Amino acid sequence: MSDGETLADVRIVLIGDEGCGKTSLVMSLLEDEWVDAVPRRLDRVLIPADVTPENVTTSIVDLSIKEEEDNWLISEMRQANVICVVYSVTDDTTVERIQEKWLPLIRQAFGEYHETPIILVGNKSDGTANNTDKLPSGQSLVSSLQILPIMEANTEVETCVECSARTMKNVSEIFYYAQKAVIYPTRPLYDADTKQLTDRAKKALIRVFKICDRDNDGYLSDTELNDFQKLCFGIPLTSTALEDVKRAVADGCPDGVASDALMLAGFLYLHLLFIERGRHETTWAVLRKFGYETSLKLAEEYLYPRITIPVGCSTELSPEGVQFVSALFEKYDEDKDGCLSPSELQNLFSVCSAPVITKDNILALETNQRGWLTYNGYMAYWNMTTLINLTQTFEQLAYLGFPVGRSGPGRAGNTLDSIRVTRERKKDLENHGTDRKVFQCLVVGAKDAGKTVFMQSLAGRGMSDVAQIGRRHSPFVINRVKVKEESKYLLLREVDVLSPQDALGSGETSADVVAFLYDVSNPDSFAFCATVYQKYFYRTKTPCVMIATKVEREEVDQRWEIPPEEFCKQFELPKPIKFSSSNIGQSNSPIFEQLAMMAVYPHLRRVFYLSDSNLLSKITFGAAIVALAGFLVLKNL
């Protein structure tokens, strides 16, 4: 059951033998006094949230067995969040039927290993038998010695409460415990057999510890503990309370405290103490603050917040998102060398559900000579995923703890603040400017046109590096590029088509700029580019450029109607740019700057056509405007 359901509704089902007082218990709760005349069975009772201690709407269902079949009972029980098995402390038979009838029936409903909490309710503890024969004071016919073995043998039984509908003893407590059993269940957290935290509880709490360990030293200092306390509960701990916590941990867990700070083992032990002392709500308050549902999985709304991206818009990291991921790099770059080693990278993403940056997709990013991720490559990764896979960005930021601290105590928040939706491209064109930071360049070319070498050059990798890359690698490469002294991110995306007749997807045709690569030594290479251009990009507003590769080889005539230079002139494209050996491995190559320039200023396509390709990297934005104005004047003469 999700947290949303828990907070909205708790469904309590009462079962047990006839005459145990199930209906009387509900009537006493409703009337706040003993009711002599009770109906045979009550319909569903709804208790509003504002009259319950946990502020949850609660429904109580009284199931009678006299006239109902087991199948019907099972169907009703399956809708329950918690089941109260009522027996009479004045009748041994009703106790025996707990194991003979009721617990097996519950397992039929939920399965052999279920997590629906069960509460045993011993009614009629006021000391009457059949409402006539008085029992000795303080003595019940059913002793705890009969109930304890049942609880020990059935771990789904949360607790046992003796009560009396007649004297009102523990009546309200029963339903309070039932609510708590749903909202703060024990079984996901605690293994009754080993008397230890469950593996999934440990995993969740380890994530919490790592997020709260701001300096990544493996300890929670007093400052970090107090920040944790204020984050989860809204109030700080006094210095005395802090010392009491550390003393309690040190007494029971010798490895839990070191250098006057709480270690991971101590943090886990502290929550074990909470649970053993019946303070499950404390641990659950922490877990829910960090996004966990009752299943100890992160909530869907926490991982994947709803967002609408209008057509023509894209997504980028917001300033808050940039600050958060940048701080993570600083936190986990233990040797402060400006790179993340494999162990540092693994440590950073250890709280995520799956490996994030693998050997394959690291080829899309800038690394140092040892293959370690640089700060620039790390930031480029986040910009890439936010543009092409926003869901992945949301999920990873949630696991890394982005929303924590951005909402009130007890609330997990979401990752929406980590991103910004850019203005529609159409508006950018109309306004002759954009505030976008990330731009996508489609790389199109026939097989062996040199696309891999070209793309990997943006990440600073040369021929020897490319030679070690397998055939199956990331189709993306991203890096930071300067556009008139302003940093932008250029994302190259290879189009994997075997022939120009292959269809391109909408995501591919909506790029900011397109680079068509052709091998000057292959007579059939340019035809591929020309065909794709005419089929998908002619008469569009997407800037395009032809790039000649392997220019050191002997140039041959291309098997196309007209040469590449004439083709570009005919379709008003910039002259073909030569990608030579001097450009290989150079992330700061003017070619990448030109691609970024064309993506940032698509409204200046005419300038790109009129200007020499080398001139493009030299002109200022103002000069480009002048050139465009000059063209318009000439056109209108």
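Cβ coordinates come from backbone N, Cα and C, glycine included.
Swiss-Prot lists transmembrane segment for one of the ranges 257-277, 614-634, namely 614-634.
With a cut-off of 8 Å between Cβ atoms, the residues of this chain six or more beyond the domain 'EF-hand 2' (320-355) that come close are 206-207, 210-211, 214-216, 367-368, 370, 372-375, 378-379, 382, 386, 395-397, 399-402, 417-419.
Broken down with DSSP, the domain 'EF-hand 1' (200-235) shows 25 helix, 2 strand, 9 coil.
Under the three-state DSSP scheme, GLU344 (Ca(2+) 2 binding site) falls in the helix class.
Each of the binding-site residues CYS339, VAL483, VAL551 was ranked by the number of other C-beta atoms within 10 Å, and first place falls to CYS339. The Cβ of SER75 has fewer other Cβ atoms within 10 Å than any other of the binding-site residues SER28, SER75.
The Cβ of ASP335 (Ca(2+) 2 binding site) lies under 8 Å from the Cβ of SER341, each of these being in the same chain and 6 or more residues away along the sequence. Look at CYS339 (Ca(2+) 2 binding site): DSSP puts it in a strand. Every protein chain considered, the tally of other Cβ atoms within 10 Å of the Cβ of ARG78 (GTP 1 binding site) stands at 13.
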